[in-house]
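Engineer: Have a look at this one.
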Amino acid sequence: MGLCQSEEEKVGSQKSRAIDKEIKQNQSNDERTVKLLLLGAGECGKSTVLKQMRLLTSKTYTADELEAQAKLVFTNIVIEMDHIVKAMPSAHFNFTDPMREHDVHMLTLYIKDMQHKSFHADAAEHVAKLWKDPVIKRLYAERRERNIRDIGDNTEYFFENLDRIAKPDYSPNSMDTLLLRTKTTGIVEVQFEIKKVKFRVFDVGGQRSERKKWIHCFEDVNAIIFIAALSEYNEVLFEDETTNRMIESMRLFESICNSRWFHNTNIILFLNKKDLFEDKIKKENITKAFPEYRGAQNYEETVAFIKQKFEALSNNPKKTFYVHETCATDTNQVQKILDSVISMIIQSNLHKSGLY
C-alpha cells in the first residue's frame, strides 16, 4: 500500500509540475503581450493613429478590405458634398451659376439610388463641378464655425483626387486609406508584433453614447494613448452644440486619468491635428475655449498653455504623462513618435514583469 501511495504521489507531483510549468508559460506569454487603449472624443483622429500603427508593422490590407474602403470613399464623397450643399440656405448662400442647381439635382437623384449603384464618371463629374464653385469652397472652409455635420478634415483631399477615384479600376492607395474618414462604433482591435512583443490595440467609439463601454473592459491595459485635437478649441460637439469640443475632451481626459481603474497605467497624450491648429491660431485666439488665456497668439505659447491645462487635470502629482504634438496624417512624424512610444512601453512592461 505504501509503495502504491508513493507511486500516486510521484505521478501527482509530476502533474503538478507540468501544470505549474504551463501556468508560468501562459503568464510569461501574457506578460509579453502589451495591451494599448486608444481613447479620445469623437473626430480626434484615433482611427488614423490606429491605421498608422498598422502601417508601422507593414500589415497590408486584403482585397476585400480595399474593396470595402473604396465603397466608403465613394459614399463619403457624395454624402459630404450633399451636406455642404444643404448648408447653403442657412448660410444664405446662392450659386452664381444656375448650372450648379442641375448638378445638385443630379446628385440628389444619384443618392436616392446609391446603394444599387457603383460610383461612376457621371456622379464624379457633378461633384467636381460643385467643388469648383467658390460658394461651395467657402462653405467647406467655414464648416467648423457653421457646425456643418459629417464633413471630415480630409474631404478636400478626396475632392481634389476625383479623376483618379472615378476610374473603373480604382483601388485605394495608402494615403487614401489613411485619410479615409470612418466612424468607430463599438470596439476595433488590431494585433501586431514588434521586437518579439505582441501588441493588442483597442480603439473604441469616441461619441458620448460609446463611452460606457470603456472602463469595465480595459482595466488591465498596459498604457492609454489619449488623443485630443488641438484644432477643436473653437468648435462645438455635433451631439451637443452648447459644449466646446476642447473642453469636452479635457473632461474626458480628467475622468480617465483620475479613474481608479487606471491609477497605475501609463498615459500618453497626443495633442493631434497640430497642422490645422497652427493655421487656425493665426486667425482666432484660444480664448474661445480658455477666456483666462493672456499669452501671445502664436503656436508655441498656446500649445504650452493647453499642455499645462491637461496636465493640471490629474489629481495624482506623481503621475507621469508623456505628451506629443502630432499630425496623425503625417506618416513620417507619427511613425517616429509611435516607434518611440512603443519602445518605451515595451521597456516599462518588461521592467514591471521582471523580464528586463
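Note: Cβ is positioned from N, Cα and C throughout, glycine not excepted.
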Engineer: If Swiss-Prot is the reference, give me the range from 51-60, 181-190, 331-340 marked as region 'G3 motif'.
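Structural biologist: In Swiss-Prot, residues 181-190 carry the label region 'G3 motif'.
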Engineer: Which stretch does Swiss-Prot mark as region 'G1 motif', out of 17-30, 143-156?
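Structural biologist: Swiss-Prot lists region 'G1 motif' for residues 17-30.
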Engineer: Which range is it, out of 218-225, 250-257, 266-273, that shows up in Swiss-Prot as region 'G4 motif'?
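Structural biologist: Checking Swiss-Prot against the ranges 218-225, 250-257, 266-273, the region 'G4 motif' one is 250-257.
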Engineer: With every protein chain in view, what's the tally of Cβ atoms within 10 Å of the Cβ of E160 (GTP binding site), excluding that atom itself?
Structural biologist: 12
Engineer: Below 8 Å Cβ to Cβ and six or more residues apart, same chain only. Which residues does that give for F310 (GTP binding site)?
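Structural biologist: Result: A228, M250, F253, L269, L271, F321, V323.
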Engineer: Using a Cβ-Cβ cut-off under 8 angstroms and a sequence gap of six or more, which residues of the chain neighbour V188 (GTP binding site)?
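Structural biologist: The list for V188 (GTP binding site) reads S47, L50, F202, D203, V204, given in order along the sequence.
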Engineer: Whole-number Å distance between the CA of E160 (GTP binding site) and the CA of A166 (Mg(2+) binding site)?
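Structural biologist: Pair distance, Cα basis, whole Å: 11 Å.
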Engineer: With every protein chain in view, how many other Cβ atoms are within 10 Å of the Cβ of S255 (GTP binding site)?
Structural biologist: 14
